Amino acid sequence: MKLFTTTALALVLGLAAPALADIKVGATVSETGPASFLGDPEAKTLKLLVEEINAAGGVNGEKIELVLYDDGGDPNKARTFATRLVEDDEVIAVIGGTTTGTSMAIIPVLEDAEIPFISLAGAIEIIDPVRPHTFKTPHTDRMACAKIFEDMKANGYTKIGLISGSDGFGASMRKQCLEIVADYGIEVLADETYGPTDADMTPQLTNIKGKDGIQAVLNPGFGQGPAIVTRNYAQLAVGLPLYQSHGVASDGFIELAGAEAAEGVRLPGTALLVAGLLPESDPQRAVVTAYKDAYEKATGKPVSTFGGYAHDALRILVDAISRAGSAEPSAIRDAIEATSGLVGTTGTVTMSAEDHLGLDLSAFRMLEIENGGWKIVE
Amino acid sequence: MRLSGKATTLLVLMAVIAVAPVFFPSSYYYRVGSLIFVNGLAVTGLVILIGYAGQISLGHAGFAGIGAYACALAPVHLGLHPALAAVLGAALSALIAFLVGRPILRLKGYYLAVASLGFGILVSMVLSNEAWLTGGPDGMAVEEMGLRAALKAIGIDLSNTQFWYAFSGLVLVIGAWLALNLHHSPTGRALRALHGSEVAARTVGVDVARYKLVAFVVSAVYASASGSLLALQNKFITPDVAGFMHSIEMVTMAVLGGAGSVLGAILGAAILTTLPQVLTVFQEYEQLMLGLVMMLVMIFMREGLLPSLARLVRGRGE
Amino acid sequence: MPELLQFLLSGITVGAVYALVALGFTIIYNASDVVNFAQGEFVMLGGMITVFSHAAGLPLPLAALIAIAATAAVGVALNKLAIEPARGAPVVSLIIITIGASIFIRGATQLVFDKQIHRFPAFSGDRPIAVGGATILPQSLWVIAGALAVFFGLWLFFTRTLTGRAVLATANNRIAAQLVGINTNYVMTLSFAMSAAIGALAGVLVTPITMTSYDVGLALALKGFAAAMLGGMGNPKGALAGGLLLGLLEAMTAGYVSSQYKDAAAFVVILAVLFAMPQGLFGRKSTDRV
């Protein structure tokens, strides 16, 4: 009898709500390993937002089920998890690839399976050349370089020194900066590197300081490296303007480097970092404030740019699913490509068949550290 | 049943590879299977080095890196077919192993460990630093081998994951067969003699230095082939393949399963390749569990899983 | 020559960090012939526990003491639960056990604490001290002093105290040591506690310079291991010399040759030294047992 009622109930419910099946969204990010500094907030953001969306009734009346794997930053593992998401979990889209290496390993799997993929990594190779099913949310490293060089040019700096981390992030940004630096009439006089776990960068900075004619220094990198560079920079009293990258755009950086050493450091950041400083009229203000409050309340940790990338990826995906009105991968792909005017934490996204990123330089804000806080300089 | 028998080992291996797909619920399992075979190949090489000759290496991922990047670079810069590039990689690995092997293998125990570790780190550093050639830490794409398309042309249509399952399975069987042959050859006997006691082996006239070098070079070729297979399968490669963690992973697989036997080491590869996939259900506890498994097996099954289990079974039978 | 001086100061700072880690390896190695690859995790625990106790409101010195004591307890647990049951296992098994332990400790730390990068204030401020045109941070002096103090402490311990000699005797021949009345179990426990405490002390001293997070242990362990092998495993003199040499090599290569290949240069020198002196610079000669 009981069995009968249960079955009947299930039948009735099934008939009443034919769209009860969940939408399965896959993700593989680097929650552990050398890129966990990036991947951890990404994973937390995805879990948090999926809960939020489901609590608000899901998308198109269906709940989202997040299948999340930790690839530890290993491209080989990332590829295996991508295969698993596609073949075994049968997801309709994949978010992830915290690093460029893991993203590039995932791409062939998803392109073969014709499943949309939104990467969270920086390099331009991910979306250039454009692949039909591959998108990404962070600005490219090249755009960060461009933003910095514009600021340098405006300040009349034409001879600079470069000190970059030898990890994927630093090496990739270094390469892309060197490719476009000449376009801005800027010359790189010193090109130093350091390892991601190094304890002291004074030898490299001494060499930069000793080179005649250098007017400013740029440090592409993420993790503790840039904080140590900034501290050593102050220790040696180099005295030239120091530019950091978007890789350290978080309040944690000021804390690690120390407010005194970090004073005057400039970097291209996103609206997320300066939510409180944005004018009321700024279209991003509401979005970044909501995300920042929710994230900090749920995790007790300060929000980071990288979590923002995951936020935007999920928003773009959910927006596409609701516009497509279906959870078919091909329909979602087309809808993602047609994303227009979507306000995210990194900027306002408008994609096209030729542009699977949909951001321009205006989304970056040149920030300066002042008295242990951020200031928008522009 | 004699588990060490050459024919038995090969039969068990081939049977498992052939029958397993019957139980695969989705083609993702082919991917895991092919990774097991790729790792199994590298680990078979380590059986020769660790199990037969009694030497350690914490740098064999360096050779895997050479094999992998040979497949990535030679087709682009030398116009070689990817399969020939794998052969070139193996030859290069053998040459490098021959050159560094002699001085390194004079060292013992932890000194050998740190020297081999240093070698592996040097290789991964070159791969990561010479970005103009290798694409740096973000890695580079690898050309398609084309064999799958050729098979399709003659009517054998396999999916990508199926093809790599079959192909790496085949390579592993060949690798295991060669390793088992070596075990039963005069060289194999000499290796086991020096494993028992170098001094004793030297006294009875075994050229200790030469045989250690043979084991080192052969195991380097296995690691290189495994790196090549990985690169060709993934069509994308990063310097992680040559990294310290990969070296440790390979040694752990071999020792965990039982470095003394080919089948045991491959079992170790199977367990450590599958474990992270199974542990995803524990989410945040994954690392904790992995460390725990490594410690428990090494403490309670000192010779490795397979030999310990085999003894248990035999013990029951008596 | 202010550049050379700056490179030297940098090399000594980094070298002292390596030396502190390397010194931690020596006691356990001396007592049990085990190279403990989880030594880096002790350094990490020292830093992380201090960070979180300090953040919880404890004064820094107390937080550091708690971290050192807690880490010493972890060291004892490691010995009791993983090393003692595996006594007599071959080198490669011991390497895997200690690496397993290091993965385990890392996994536990990320659960108990977090995955962010942390730092606590330097003991004597951040005002650089000028030395003939170059500068050094006061915290570097703390690290250097710490390395020297641990070195002298260990040297006295092994040569002047009965317990220290008992440790060496245990390493040399466990059964003979037991026969002459040495409580070898106690010696092992003590060795692991001391090694872990030295590691934690290193973590406390270096965190204001290098920062810390749950996964800094492996890189530190590798460098410390390399330094200890370069100097000759088991000898405090070797650990100190190996660490400083490694740090200086890196700084000089970064300063004068190429910062990209500074780690490579260090390993090339290690390989060269080992080829010429298979026991390291100050290592004890060993003979094969047949």
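Along the chain as shown, residues are numbered 1 onward.
Heads up, the Cβ atoms here are built off N, Cα and C, so glycines get one too.
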(message) If you look at how TrEMBL annotates this chain, which of B:58-77, B:218-237 comes out as transmembrane segment?
(response) B:58-77
(message) Counting Cβ pairs closer than 8 Å, which of B:7-24, B:58-77, B:83-102, B:254-275 has the most of them with the transmembrane segment (B:30-51)?
(response) B:254-275
(message) Between the transmembrane segment (B:287-306) and the transmembrane segment (B:7-24), are there three or more CB pairs that fall under 8 A, provided the residues in each pair are separated by 6 or more in sequence?
(response) no
(request) Please indicate, using numbers and ranges, the residues of the same chain that are 6 or more beyond the transmembrane segment (B:287-306) and have a C-beta under 8 Å from a C-beta there. (result) 3, 252, 255-261, 263-265, 267-268, 271, 275-276, 279
